[in-house]
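Chemist: OK, Swiss-Prot features for this one:
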TRANSMEM  4-24  transmembrane segment
TRANSMEM  35-55  transmembrane segment
TRANSMEM  60-80  transmembrane segment
BINDING   Gly74, Thr77  Na(+) binding site
TRANSMEM  102-122  transmembrane segment
Amino acid sequence: MNNLLLVALGGSIGAVFRYLISIFMIQVFGSSFPFGTLLVNVLGSFLMGVIYALGQMSHISPELKALIGVGLLGALTTFSTFSNETLLLMQEGDWLKAALNVVLNLSLCLFMVYLGQQLVFSRI
């Protein structure tokens, strides 16, 4: 299958997952903090680490990397939403939540990429 179609297919799945996860997190925790965006970014970062490590070890095809790594995870994770939600918190004067959002997204996402890679490298 053409890689462009695989990216489009993965992207449509990732976008739907992001939407459903965000709605679920608002229902569970409310809308005072962007937990949905945090969760999709952390989960997507972990999965990106796994996909990257598997790709480095030639255990997945370029087509699967296009489907999952570029398409699904590219649509699942979202830097633009993270940035907008952080700015909104700042504009509302909630500097603590804005700072917490930045620190949590950056530190947890970096750690999850590392963890995903280490999990794969230690098992294979």
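Counting starts with 1 at the first residue shown.
From the backbone N, Cα and C atoms, a Cβ is placed for every residue, glycine too.
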Chemist: May I ask which of the stretches 4-24, 35-55, 60-80 has the most CB pairs under 8 A with the transmembrane segment (102-122)?
Modeler: 35-55
Chemist: Which is it, of Gly74, Thr77: the one of these binding-site residues whose Cβ has the most other Cβ atoms within 10 Å?
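Modeler: Of the binding-site residues Gly74, Thr77, the highest Cβ count within 10 Å belongs to Thr77.
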Chemist: For Thr77 (Na(+) binding site), what is the secondary structure state per DSSP, taken as helix, strand or coil?
Modeler: coil
